[in-house]
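**Student:** For reference, the structure I am asking about is given below.
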Amino acid sequence: MTTFHVLGFPRVGAKRELKFAQERYWRKELAEQDLLDLAKALREKNWKHQADANADFVAVGDFTFYDHILDLQVATGAIPARFGFDSKNLTLDQYFQLARGNKDQFAIEMTKWFDTNYHYLVPEFHKDTQFKANPTHYVNQIREAKVAGHQVKPVIVGPLTFLWLGKEKGESFNRFELLAQLVPVYVEILNALVAEGAEWIQIDEPALAVDLPKEWGNAYKDVYATLSEKVNAKLLLATYFGSVTEHATLLKELSVDGLHLDLVRAPEQLVAFEDYNKVLSAGVIDGRNIWRANLNTVLDVLEPLKEKLGERLWIAPSCSLLHTPFDLNVETQLQENNPALYSWLAFTLQKVQELSVLKTALEKGRTAVNVELDASQVAADARANSKEIHRPEVAERLANLPKNADQRKSPFGERIKLQNAWLNLPLLPTTSIGSFPQTTDIRRARAAFKKGDLSLEEYENSMKKEIELVVREQEKLDLDVLVHGEPERNDMVEYFGELLDGFAFTKFGWVQSYGSRCVKPPVIYGDVVRPKAMTVRWSKYAQSLTKKVMKGMLTGPVTILQWSFVRNDIPRSTVCKQIGVALSDEVLDLEKAGIKVIQIDEPAIREGLPLKRADWDTYLQWAGEAFRLSSMGVADDTQIHTHMCYSEFNDILPAIAALDADVITIETSRSDMELLTAFGDFKYPNDIGPGVYDIHSPRVPTAEEIEHLLRKALNVVPKERLWVNPDCGLKTRGWSETIAQLEVMMSVTKKLRAELA
């Protein structure tokens, strides 16, 4: 036989049932027991889906009310002491307070789960952190699954990855020092799972796919020797998100009973493990993307493995399926509008079925599933030959770009003189990042237009009214470079995706970002082309309302790529450059329309960095090229801005400088301008606008706070190159606090201008 299992399942439900229940509970509209009952029903459905597909185990312990790393903090007694909670007697309300904060304590920090778009809650480790086992979360889920008659495989993140994902707080120390006292707590937790009947336990160690310091890598041997010796269960060590070839010798000698490899992200690593003499779980179905697999091609890899390994071969998705939407079958609109694309997709339930087919083929031969294999082949062939996907003119345009197409005509020093001559801006010019408050009226108008209750003319008139309001308010505030406020945009990526060829949208393709927040990424399925102007009329209309300078607003190619499900039949770098070239048509049209300050937002550029530093240069080279291509051909006196959200820039500053944007605005207020110091040390050559207040809070900053930040900025950036702006877009704020915040920003700026004049 061939064992088939999954590493984890989506938690939120087919139609985001958990999200809506959580939010009703937080608003006190749903009783705790009702939330618990709904969660139990979702878990039971998840297990049934796995069992119905003939999975040999169901994954348990992967379900969470907010985040699996928060659950692990509770299970190891490592919740932040500052909350004053007892992890053994933690209430559901207290659990949510850890994630969302309360009146006395800010929430646990959140950051990206490796290089995915999921966010986990970062463990806070102190030198005196005391771990205590509390396996209730896992034990209860095992009991539920066993009552329902399932064979269980508990899933838990391993001790080294858990420590790796945390941060040291307080007194200076290295969190690695806590490993010795964490391991016995893991032993206790795992033995509690064994006591409930767990025969196999999956321990996730994705940290093996990053650049681990030597002492961390070396620690695996002793840690797993201890776990293996003291826990009477078979241990499956799961790695994913990248290659672990560099650890092959260590992993083959590790005291575990099986190893899971991500053969989608890193198929080449299989060679290093072909002589592995224990269970090898082959992650052959993509757990991070939505494309249907060519099952014949997958079997070409698996059949020789099966011959070699026999029953020691397990099959699985590459990683947890929490990164994929739930069920393609509910996408009836997509099936109707684009049946070809629909036939190329696989969501979680379809991926589980693909694994079921592979299991049967390995056990009984391909003929036993020839109908399914033929359907898979037909879809793969149709996709490979589709004229809707492959547009020769796009490949031709990319191939025939002029030499140095991604370079501006003149260096920044010459461009800025031409720009300053016509812009005629005061010292410390002010602007905002782009969006203004998206009011209930705006959202209602958009929803009514989408439903057909509002005509195109009525909708556009309501958007024009909003734009006029935004322009007039900025004029009253005396901002220098204005924006139109983006009332017509529901989302900074979706808006452009809807207007570019090569993109499609699902109705229920939601994936969890964090807690109750879900995102519905666009699908980039074909060559990207801009059929007509996307933003020009809105910016042109806004400019017609004012004599002040109006800034055009676009989302950059790297961010569009990062926040989408991306086609997997050509390199990501090629897709990114296609988007950049398509955007360049928009930039040139804006320029022709008289919009000569254009912002190309790239909040996600750092997110795209590969897990291993050795791969950074390649990524940064093509990401930078794609960004520069998006403004190719603009005149020297057109000013290109970019905006980047809260990031550590120190290690990629040369690449940021190489983007060669005339002005970069960055989110810095929460770090007290610390991020800006790196730009100063690096001697960043172009103009900079560090955010002077945090837009994520409705709080109105004091004049003293903004002045403090601006003076710090002036210590780092020459006054001639310093812009003044909020941290980020103002979409999520209300009008009253927006005006109040900008008034303070303007009054401080004017005070400093007078002083510096």
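Here the Cβ of each residue, glycine as well, is placed from N, Cα and C on the backbone.
It should be emphasised that the depicted structure is a prediction, and the values quoted were computed from it without experimental measurement.
From Swiss-Prot, here are the annotated features:
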ACT_SITE  His696  active site, proton donor
BINDING   Arg16, Glu17, Leu18, Lys19, Lys112, Arg517, Cys518, Trp563, Glu607  5-methyltetrahydropteroyltri-L-glutamate binding site
BINDING   Ile433, Gly434, Ser435, Glu486, Asp601  L-homocysteine binding site
BINDING   Ile433, Gly434, Ser435, Glu486, Asp601  L-methionine binding site
BINDING   His643, Cys645, Glu667, Cys728  Zn(2+) binding site
**Student:** Quick check on the recorded positions Arg16, Lys112, His643, His696: which one has the highest count of other Cβ atoms within 10 Å of its Cβ?
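**Tutor:** Result for the most crowded candidate: His643.
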**Student:** When you rank Cys518, Glu607, Cys728 by Cα distance to Gly434 (L-homocysteine binding site), which of the binding-site residues ends up on top as the closest?
**Tutor:** Cys728
**Student:** Is any of the binding-site residues Ser435, Glu607, Cys728 within 10 Å of the residue listed as 'active site, proton donor' (Cα-Cα), and if so, which, in sequence order?
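**Tutor:** So the list reads Cys728.
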**Student:** To which of the binding-site residues Cys645, Cys728 does the lowest count of other Cβ atoms within 10 Å belong?
**Tutor:** Cys645
**Student:** What whole-number distance in angstrom separates the two most remote CA atoms of the 5-methyltetrahydropteroyltri-L-glutamate-binding residues Arg16, Glu17, Leu18, Lys19, Lys112, Arg517, Cys518, Trp563, Glu607?
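**Tutor:** This binding site's residues have a maximal Cα-Cα distance of 29 Å.
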**Student:** In whole Å, how far is Ser435 (L-homocysteine binding site) from Arg16 (5-methyltetrahydropteroyltri-L-glutamate binding site) when you measure between their Cα atoms?
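**Tutor:** One finds 27 Å between the Cα atoms of these residues.
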**Student:** Considering Cα atoms only, can you say which of Lys112, Ser435, Asp601 is the nearest neighbour of Glu667 (Zn(2+) binding site) among these binding-site residues?
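**Tutor:** It is Asp601, whose Cα lies nearest.
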**Student:** For Ser435 (L-homocysteine binding site), what residues in its own chain, 6 or more apart in sequence, show a Cβ-Cβ distance under 8 Å?
**Tutor:** Val483, Gly485, Glu486, Arg489, Met492, Gly729, Leu730, Lys731
**Student:** Does DSSP give Glu486 (L-homocysteine binding site) helix, strand or coil?
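**Tutor:** Its secondary structure by DSSP: coil.
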**Student:** Give me the CA-CA distance between Glu607 (5-methyltetrahydropteroyltri-L-glutamate binding site) and Cys645 (Zn(2+) binding site), in Å, as a whole number.
**Tutor:** 10
**Student:** Among Ile433, Gly434, Ser435, Glu486, Asp601, the annotated L-homocysteine contacts, find the widest CA pair distance and round it to a whole Å.
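**Tutor:** Greatest Cα-Cα span of the listed binding residues: 13 Å.
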**Student:** Select one residue from Glu486, Cys518: among these binding-site residues, choose the one with the most other Cβ atoms within 10 Å of its Cβ.
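**Tutor:** Compared across Glu486, Cys518, the most Cβ atoms within 10 Å surround Glu486.
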**Student:** So which one is it: of the binding-site residues Asp601, Glu607, Glu667, which has the fewest other Cβ atoms within 10 Å?
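**Tutor:** Lowest Cβ count within 10 Å among the binding-site residues (Asp601, Glu607, Glu667) is Glu607.
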**Student:** In whole Å, how far is His643 (Zn(2+) binding site) from Asp601 (L-homocysteine binding site) when you measure between their Cα atoms?
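**Tutor:** The separation of the Cα atoms works out to 5 Å.
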**Student:** Within 10 angstroms of the C-beta of Gly434 (L-homocysteine binding site), what count of other C-beta atoms is obtained when all protein chains are considered?
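**Tutor:** Around Gly434 (L-homocysteine binding site), other Cβ atoms within 10 Å: 25.
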**Student:** Measure the Cβ-based neighbour count of Leu18 (5-methyltetrahydropteroyltri-L-glutamate binding site), defined as the other Cβ atoms within 10 Å of its Cβ.
**Tutor:** 24
**Student:** Tell me the Cβ neighbour count for Ile433 (L-homocysteine binding site), meaning other Cβ atoms within 10 Å of its Cβ, over all protein chains shown.
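**Tutor:** Counting Cβ neighbours of Ile433 (L-homocysteine binding site) within 10 Å gives 26.
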**Student:** Between the Cα atoms of Leu18 (5-methyltetrahydropteroyltri-L-glutamate binding site) and Ile433 (L-homocysteine binding site), what distance do you get, rounded to the nearest Å?
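**Tutor:** On Cα coordinates alone, these residues lie 34 Å apart.
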